[in-house]
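A.B. asks: Before I ask anything, let me first share the structure, which is written out below as structure tokens.
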Amino acid sequence: MADIIGIVSGALAFLETASTILGCLIDAYNAPKEQRELLVEMSSLRPMLLELEKRAQANPSSPVLTQMTEPLEVFRSRVGKLAGKLSKGQKLPWQKRLAWSWIKKETRTYLGDVERIKSSISIWLNLYARYEAGWVRRSAVSAPAKLHVQLTLLASDVVRHGHDNIQSQIAKANDQQQQRAEAATYEQVMKWTTSLNFFQRQQLIFETQQTRTGQWLLTDSRFQDWLSSFGGILWCRGIPGAGKTVLTAMVVHHLRVEVQAQTNNIGVACIYLDHKETEAQSVQALLASLWKQLVVGRSIPDAVYKLHKHHSERDTRPSLHEVNEIFRSAIAEYSRTYLVVDALDEYPEPQRDILFEYLSTAMEGAPVNLLLTSRPHITLDPFFPTAKSLEIRADKRDLHEFVDEYIRKSRYLSKHVRAHPELREQIQIKIVNDSDGMFLAPKLHLNFLNEMKTVKSLRDALQQSPKGLKNLYDEAMERIENDENKENRKLARLALIWVANTKRLLSAGELREALAIEPRAKFLNPENILDIADIIAVCAGLIIEETPHIRLVHPTTQEYLDSIQESRFPDAQAHIATACFTYLSFDCFSSLHLLSGAETEGAPVFRDDTDVELVYSNRHRKLVKNLFPSNPFLGYTQYCLIHAAGEPELLLYDEIVGFLEQAPKLLSLIESHRPLPWNYPFWPDQPSPQWISAASNLTQVFMQLRAEKTFPGDSDKCADDHNSDMLFVAAYYGHLNMVRLLVDNLGVNVDARHHRYGGSTPLYVASENGHEAVVKFLLDHDAQPNIVGGFLGGTPLQAAAYEGHISVIDALCRHGADVTVGGWLGTALQRATLQGNITVVQTLIRCGAEVNQLDVDPENKYGIALHAAAHAGRIEVVRLLIENGANVDLQGGVYGTALHAAWNGQNEDIFRFLLQKGANANSIGPAGTILQAVILTVKEHLLLPLVEEMIGLLIEKGANVNMAIRGETPLGSVSFLGHERMVQILIDHGADVNFEWIDNHGRSYTALGHAASRGHAPCVKLLLENGAKANFQHSSTGTALHAACLQGHEDVARILVEVGHAEVNLAGGWYEYPLHAAVYSSYQGRPTLVKFLLEHGADVNAEGPTCGTALQAALKRGQTEVIQLLLDHGAVAPNDKSGGNNVKN
């Protein structure tokens, strides 16, 4: 790189010499134009060479700049020759120097050299900047070597090819890089919204469907009616094991393959609920997954990219409301959308109601068809009262197909049937007759028969096989316990413990490692890890693999195992907790989190046992991240304290306490920080074992620790603030026993505020998170229900209303909660309306909430609840509020009225509904009248048929089309904006084209004046054709012709004169005459406009009291061409007796 620095320095020296000499020569005589251009080009080249020199010195190893050596060497040679030639010219005598010159061709050659090297340096500096910014760095692209070679070749081409070709290649490389960046961002946004992937689940389930089964559902008249309807709801109910999930997968496949192929612009999305994944399947995540399925293969809207950027910068997640908005916007892109939700009975009822609420809201005003499956016992009321019901039972033809397929694939049954064909029919009759309308029972029954090694044992099993699901499960457990192989019995028991009791689904890798953990081991012995097929094989068909997860064969299997847990697996939770503690104690993990600060460049530094500085360097984070792929079970260990709570506490006391000592140091090993207590947002800087036990609901461990006080510093941590922190985190998680212990036994203040949680109280967080039992306990212990706190700034009632916790709202209201308290998001009623929760709104009204209460808090933009509901698009809530006396015209908030709020929120269905309910069609808001607000929509959108329709509706409801608010009428607004079609619409609806309005400063305006001043020629012509007066005088600007001339709009001036017969000599406005206005419109003058006015009779010598004559105005501005025009048309300066000669001179 030293070579290039020398070359650049040499080129700079020659350039300086050449520029100095050339400058002197040019100053000495009248140099040709080409030589002057050369001096300018060389002057602009100097800073580019200086920048190149600086970058070369700063980065001696840059692979980008090394490619500049050859072209720079060529240029240095050329500029050296130029300097030499100029030096010779400078040495000539003065008289000869004047005569000395280059031929034009030679000058052009040097000029070309300079221009080429400038282009080359510009390109190379651009590439260098991209390289340094990481755009072409190895870590930033998927094919780094290929892209780097591409850019290097581009650099070499600077020497070999022309500039245009290089620029084309650069543009192509930039486009390719931009495409890669956009693809990477697309993937980031898709993953960011949710990790749920129902595409995989759909595929796995559909692949289990037996060929030719389930067709009865697709041909059923009720399904066909649902399929062809708009907004239809089909509820497929069935007993456990009837095949609902497989049929769901078949329906989704049919919609995606058959229906989408036949009909354009159809959206399909599905959800498969699972009780094991409730934590991951939050309502927010489910809506996000539906959105993700609807946008796959389509471009992501800019609004979602902005939302991603907003939250990424703050390291936050989108709110439920934000996710719902993007979900609904995705639905709006389709002509029809099919949503399918399976296994609603596996979703907890509180979350299920919230999901129902959002799904029902999504169907409002949109062509959404919804198919739901569940067991019969749940209810859809009050969310889907129009749902049609269809019972799901195993079809006998499908059962025969199922049995045949199973026999064909099984090892022993297929062999027995081939030898004795009559067995096929015997097996089918027995299995189908005992199926009880289920697929699950035949599957378990066939698993049992498949283990019969001889024909006789098979015939005996057919005669003795149990009937009924519970008996089949009992029989499966007996087979496990009667296995002659002791290792098989032990393995099956442990596998069932893990799969049935984990808090989420395990992957195959996690289960394999979990079963390989040995008590008190310091490492995981790889020789102890079993194949997943061997694990599943010993479990009598109760466990299956659905990549990537291991799960029980059916939800009823979970129910069965739960029923026998106490008798068969009493130590299940203790076993899992012990395995987690043991795994985390492995040397490979402890050595990582105990590394010194020097070894990890800023990894955690531990000054003592309780003082932990959790500051992780990039290197440490990378080390931790790399642990997970090679240690699959590490991710599940974060659930250790959940399994330890309760009965295992005393049994595992030493292990738990040992873990609590190290827990703060293990935070870096917790992969997702999902379960308690790791997901608590405000871990103390120095969390004590007591605090962690309070957060984890380890009541027995907590009491023992309090009694022993064995940890250094614990005795000092009994201060009120420490106890309050423990009460707060216990209330946050809803740990009633821990809350009771802290309040009753330790006397902790129930109203203590948490400074890191917005000054909120334990009652606030318990209410916000819906922990009814804790809320009632705190209220019974005199907790104050009206203390304001929290990040959203509200009372416990407002927090519960926003989150939709009805039972908590009832409890708070019974204990005196004030329903009138306002704030940033308004009263409790306003917050509930924002979320669209009808049941909460009804509860609050029943508790005394005033529907017309006006919240004057400056932080609240909604004013009243009706405004909030109208803006948020909650039409059912709007109906409910009006039914309960909401005033549709009440003023307040930033939107003024509910009508304005609905239009601002783009909710035309609510807009129409409010007008039907008598909303004032002349209501006034920040944008003027509601008619003006609707009209101004065209400023941001192209003219929409919707806008035209709404204008007609408003006028039908009595809107005054000539009402002037905020300084103009609706016609004036659209004339100012130049929307010709909108001008015609308003005229057709009776707008007065000559209506004059006065602004706050006393200035008068008309629509024609507005259109003329803005240069909207088509609007001007349209207004004139509809009777607008061209000579109407405005108080400050004169006529429309004055306004057009002042702005230099010649086309408008022509229309006004030729179509509107505007008077060209009519005085008025600031500049008195149109001719004067045309002169003053530009310092350069507008000769063609001036000429037009003169040719149409403008008085060239008209004199005004302020501006004088047009000639005087032109003289002041030095407009030579205009002056000549005026003189040619007889202009004479006042008091000039020379006939204009003085002016000409």
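Note that Cβ sites are derived from N, Cα and C of the backbone, with glycine treated the same way.
The domain 'Nephrocystin 3-like N-terminal' feature in TrEMBL is assigned to 213-375. The domain 'GPI inositol-deacylase winged helix' annotation in TrEMBL covers 487-563. Annotation source TrEMBL lists repeat 'ANK' at 758-790, 792-821, 827-856, 865-893, 897-926, 966-994, 1003-1035, 1036-1060, 1074-1105, 1106-1131.
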A.B. asks: Tell me the residue counts in helix, strand and coil for the repeat 'ANK' (1003-1035), as DSSP assigns them.
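C.D. replies: The breakdown for the repeat 'ANK' (1003-1035) reads 17 helix, 3 strand, 13 coil.
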A.B. asks: Within the same chain, where does the repeat 'ANK' (897-926) have neighbours whose Cβ lies under 8 angstroms from its own Cβ atoms, ignoring anything closer than 6 residues to its ends? I mean 6 or more beyond.
C.D. replies: 364-365, 862, 864, 866-873, 875, 878-879, 882, 886, 888-891, 933-934, 937, 946, 950, 953-955, 957-960, 963, 965
A.B. asks: Restricting to the same chain and to residues at least six past its boundaries, which positions have a Cβ under 8 Å from a Cβ of the repeat 'ANK' (792-821)?
C.D. replies: 350, 353-354, 357, 758, 761, 763-764, 766-772, 775-776, 779, 785-786, 827-829, 831-832, 834-835, 837, 839-840, 843-844, 847-850, 853, 859
A.B. asks: Within the repeat 'ANK' (758-790), count helix residues (DSSP H, G, I), strand residues (E, B) and coil residues, in that order.
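C.D. replies: The breakdown for the repeat 'ANK' (758-790) reads 16 helix, 2 strand, 15 coil.
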A.B. asks: Counting only pairs at least 6 apart in sequence, do the repeat 'ANK' (1036-1060) and the repeat 'ANK' (1074-1105) share 3+ Cβ pairs under 8 Å?
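C.D. replies: Yes, since the repeat 'ANK' (1036-1060) and the repeat 'ANK' (1074-1105) share at least 3 Cβ pairs closer than 8 Å, they count as touching.
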A.B. asks: Using Cβ atoms and a strict cutoff of less than 8 Å, what residues sit near the repeat 'ANK' (966-994) while being 6 or more residues removed from its termini?
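C.D. replies: Distant Cβ neighbours of the repeat 'ANK' (966-994) are 927-929, 931-932, 935-936, 938-939, 943, 947-948, 951-952, 955, 1000, 1005-1008, 1010-1011, 1014, 1016, 1018-1019, 1022-1023, 1026-1029, 1032.
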A.B. asks: Would you list the DSSP helix, strand and coil counts for the residues of the repeat 'ANK' (827-856)?
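C.D. replies: Result for the repeat 'ANK' (827-856), in helix, strand, coil order: 17 helix, 0 strand, 13 coil.
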A.B. asks: Counting each residue once, how many in the repeat 'ANK' (966-994) are helix, strand and coil under DSSP?
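C.D. replies: Helix, strand and coil residues of the repeat 'ANK' (966-994) number 17 helix, 1 strand, 11 coil.
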